[in-house]
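Structure in structure tokens, see below.
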């Protein structure tokens with residue numbers, strides 16, 4: 001193509017070339033291929049089959065990309081109907097006919113360690129995020145409950161019993177790790193591990209853990225309290241438990257063999273009331289109120305007596321084994337006193353609740369350790385339904401590990417259907433932002449959180465909404481599950497707060513995304529040192545690091561978020577390119593593919609598209625198939641175009657230099673005419689072949705200026721052109737225009753300041769008062785990531 005002189009845009013030879021190019025663009029716009037062939041067809045016809053289906057692929061791929069794009073005009077892809085179609089495209093399968101999960105009776109339950117972060121991290125890592133995390137709250141609009149026996153999905157009908165048994169083992173492991181609550185009654189649950197501060201006020205004293213179920217036992221009268229001696233039977237010792245009769249004090253003694261007996265020793269109210277060894281004490285908290293003038297027991301002795309009462313109540317089984325009437329009534333009375341005690345809000349004194357795993361001195365001996373193993377009891381401010389809200393099943397850990405099982409929880413009722421919730425959005429960097437924030441030329445280390453979601457505690461009332469079951473026992477998630485749309489948002493808040501503290505405390509560039517951390521520093525030695533310090537810092541607060549997935553030492557090339565990041569560039573691994581090329585080669589031209597299968601194919605193409613010379617408009621036919629939910633058929637030329645995209649692999653530069661060149665070319669258009677003006681004073685006016693929408697006429701002139709002058713930037717008064725949203729245009733023209741303007745800077749200029757506005761009105765161009773601005777959207781980068 002001859003290059004025109006910028007001072008003489010009105011040369012006849014250049015004008016003839018420009019007229020030819022303009023007519024080609026207009027023909028591309030006016031072609032109705034998209035309006036006719038890309039509409040959903042009612043039936044599959046023979047014309048869908050491409051005549052070049054058997055042609056070799058590679059010779060055509062060697063052609064330039066612009067030539068391949070033009071060839072698709074004569075052989076476009078097609079949309080079909082909703083009849084059953086192929087669900088397999090290479091290794092990709094449609095979601096309707098995914099490969100069935102195979103049950104493995106020898107599945108191993110993975111090791112699930114207790115994950116409990118210390119609340120001291122709130123003071124060490126100050127952030128506003130903690131108020132959303134301590135505890136996290138989940139309030140669905142409405143809930144659909146299912147019966148307990150349907151808690152396990154019948155994924156493997158032939159192995160349902162074995163499946164439920166493995167699910168039971170898995171849930172028990174989660175319960176032992178403190179991740180689940182286990183239902184005891186309508187108002188009572190139990191859990192393992194240390195408690196949180198918001199759980200403390202709802203705790204039932206562990207001293208009465210064996211009788212905790214009696215709190216809600218309606219068979220026992222709630223009005224029963226400590227029975228006083230008002231009966232007429234004076235000699236019945238079972239009726240005067242806990243009462244003082246004429247100075248006699250009824251004491252309860254524990255014998256060596258574990259049985260109990262009553263003693264009726266007469267004691268002076270001012271004398272020592274504790275028995276030998278402190279194993280027995282005067283019982284009767286109501287007796288002091290009955291005789292206030294005769295019993296002035298000091299506070300210390302009363303506290304000691306209550307402690308012995310609690311020690312006695314830990315052994316209900318021995319009491320019930322005794323067959324005497326008096327002992328039976330004592331046990332019933334003691335149960336009622338426990339019930340009365342647990343109705344009051346529980347506040348724990350220092351050292352009264354040893355946390356699980358601590359090895360402090362226990363004054364109560366092995367009994368306290370036994371209660372610790374049994375877990376803590378929680379009487380929440382909500383009811384715990386004997387129903388489930390999510391169904392569960394087991395699958396393979398991943399495609400590479402089929403020996404271990406993974407628990408899948410289906411809480412989809414909260415994300416779709418009538419109970420669908422709108423979960424909060426959070427900042428997620430796209431590829432352009434990631435290129436801007438990653439520092440250049442620094443060694444890097446990546447860290448990975450282990451069991452990341454299980455670091456996030458839930459409020460007890462929210463836990464009651466997340467109920468699962470193995471078919472027999474009901475469990476509630478005490479920590480955030482992975483099957484709820486709120487969990488990624490909570491994890492983002494959690495890692496963001498930690499990442500900000502790591503960056504300020506250790507003077508290192510830190511970026512966190514979900515459960516991944518990326519640390520960068522100019523000095524490899526310093527980075528290696530602080531990586532160990534960071535791991536120690538996190539582990540001190542109970543945050544677990546997956547050392548198998550972290551980088552042991554600083555490296556220059558690292559894999560992060562699916563990208564391969566070096567000192568200066570980022571690219572996609574070659575293995576992913578090979579897999580995608582293999583999928584494209586296995587496309588059968590002219591055959592119908594289900595839109596769900598096409599949807600998965602689009603996802604893979606979108607991930608690699610920024611690293612190619614293509615654009616998003618090339619995938620528009622497949623997007624149309626997914627939008628209309630109809631089948632899709634590839635043509636031979638379209639298959640070649642997709643394969644051509646995978647051949648032009650490129651790598652992206654980190655921290656690219658943003659240049660804003662001075663504009664030297666301006667374009668303008670009316671419904672009938674278009675003009676191109678150069679800063680040197682030359683201009684050219686063109687007449688359109690027909691009247692079209694003004695935004696299409698403006699785009700035609702910008703494309704013509706790019707083809708004929710090839711400037712670095714162009715002035716235009718069309719916001720439609722500046723935003724480059726061409727999805728509503730005919731497909732071939734949109735794909736060609738997007739490809740043509742990919743690396744071109746477009747400036748918006750008001751119409752009255754547009755130099756090309758004059759030639760369209762038969763006036764000379766005016767470059768003296770040009771006011772322009774780029775309309776590109778500014779990239780949002782958090783303040784703490786803008787330092788480097």
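Here the Cβ of each residue, glycine as well, is placed from N, Cα and C on the backbone.
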Among 410, 448, 594, which residue does Swiss-Prot annotate as binding Mg(2+) at the site that also has 515, 516?
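Checking 410, 448, 594 against Swiss-Prot: the Mg(2+) site match is 448.
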Whose Cβ lies within 8 Å of the mean position of the Cβ atoms of 448, 515, 516, the Mg(2+) site, other than those residues?
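So the extra residues in range turn out to be 446, 447, 449, 452, 513, 514, 517, 546, 549.
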Among all protein chains shown, how many Cβ atoms are found within 10 Å of the Cβ of residue 516 (Mg(2+) binding site), not counting that one?
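For residue 516 (Mg(2+) binding site), the count of other Cβ atoms within 10 Å is 17.
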Quick check: in three-state DSSP terms, what is residue 515 (Mg(2+) binding site)?
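In three-state terms, residue 515 (Mg(2+) binding site) counts as coil.
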Name, in the order they occur in the sequence, the residues of the same chain whose CB lies under 8 A from the CB of residue 448 (Mg(2+) binding site) and which sit 6 or more residues away.
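Listed in sequence order, they are 515, 516, 517, 545, 546, 549, 550.
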Take the Cβ of residue 515 (Mg(2+) binding site) and count every other Cβ within 10 Å, whichever protein chain it belongs to.
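Excluding its own Cβ, the number within 10 Å is 18.
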For the region 'RnaseH domain (RH)' (656-788), what does DSSP give as the number of helix, strand and coil residues?
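Residue counts for the region 'RnaseH domain (RH)' (656-788) by secondary structure: 40 helix, 25 strand, 68 coil.
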Over the region 'RnaseH domain (RH)' (656-788), what does the predicted model average in pLDDT?
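The average pLDDT of the model in the region 'RnaseH domain (RH)' (656-788) works out to 89.
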